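Novice: Below is the structure I would like to discuss, written out as structure tokens.
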Amino acid sequence: MNIHEYQAKEILRVCGVPTPAGFLVQEDTETSEIAKSLARLGGKVFAVKAQIHAGGRGKAGGVVICRSVEEAIDNTKKMLGMNLVTHQTSPAGQKVRKVYIEAGQSILKEYYLSMVVDRENAKVAIIASEEGGMDIEEIARSTPEKIKKVFVDLSIGISDFHARKIGFELGLSLAQIKQFTPLVKKLYALFVTRDASQVEINPLIANSKGEFIALDAKLNFDDNALYRHPDTLELRDLYEEDPKEIEAAKYNLNYIKMEGGIGCMVNGAGLAMATMDIIKYYGASPANFLDVGGGANLEQVTNAFKIISSDKHVAGILVNIFGGIMRCDIIAEGIVAAAKDIGLTMPLVVRLSGTNYSAGIKIIEGSGLNIVTASELDDAAQKIVKLTRKEI
């Protein structure tokens, strides 16, 4: 689960990590209230920052440095309600419903600092660079040697030497390392106790007073651990999530919206990814990732079809099911019932394999519906691509 920058910074402040003073503006906030809040903030420089769940805001015009109260108010009004398009949003962009305004900071140096789970090493990776800011992704690609990593064993926990090692590799002075070490340990404690999947400070700045301040913050949390953190779940912003993904979650369907034209319904994450790969191989693009799991019932199958077909970009659907625990005849009955229930008219190709697959194929072929069957995934992918291009 993702949260907004302003929410992440509130958590950081509670943990003792310094952040700039700021306040939130929403669509219904009066101009007079914005002016009063800016006056309380003080200073002559302000950062006006669009709050969306996507990176790349700075380069897309979602972060503006303003040098007067009037300029800050004007840019805030322009941002609210706009669709911000970044390299991490869809081509349509994400509507800005909230703006965060911060006091400007004097910046001597920008750093990058983050923590993620390194699955290969089964440890927490502390990742840092002496070149933080908007170009960190390009730096990681072009000069990977500038990205420093230290791994922390969860069974042992973090020690001063982990933070000091990173600090020395960043070229920090001894005085800076004395401040940097407790900051890193606080972030690690946050990462572990809140079941985070990512903690990112970019940039972490050193200011003219010699202090480290989190100028931007990104926190992601493990969805599977949210039951332990009701306070974190309260921070969820459904406006920032795809409505189809929210609907799919109600039926325990793992759905992720994509930008292609062929809808996919598959059981198993690995098989789903292989299905998307072969669709791309034959020149088309998947419209979604949808894993119905190993024991889908009629309700789940029906709602999976409804969710996929509600996407106006979907021109056809490919169903790829391997029957293990899930019997193919049962899933076939569900496919037929669902297709009839929603009045499915777009091309539908079904590939079944595994337990009772012959019986499943007979059910589909005897349904009287215009459903194309395939015995192999390669054949199924070619058929759905041709059908959506009207080549069959």
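Yeah, the Cβs are placed from backbone N, Cα and C, and that goes for glycine too.
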Novice: Look at the substrate binding annotation in Swiss-Prot, where G324, I325, M326 are given, and name the residue from N267, N288, N356, N370 listed for that site too.
Specialist: N267
Novice: Using C-alpha atoms only, work out the spacing between G58 (ATP binding site) and M326 (substrate binding site) and round it to an integer in Å.
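Specialist: Answer for this pair: 47 Å between alpha carbons.
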Novice: Beyond N267, G324, I325, M326, what residues of that chain have CB atoms within 8 A of the centre of the substrate site's CB atoms?
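Specialist: Other same-chain residues with Cβ inside the cutoff are G268, G294, G295, I321, F322, G323, R327, G354, T355.
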Novice: I'd like the number of other C-beta atoms within 10 A of the C-beta of K49 (ATP binding site), please.
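Specialist: Its Cβ has 25 other Cβ atoms within 10 Å.
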Novice: Give the helix, strand or coil assignment DSSP yields for Q105 (ATP binding site).
Specialist: coil
Novice: Widest Cα span across the substrate binders N267, G324, I325, M326, in Å?
Specialist: 11
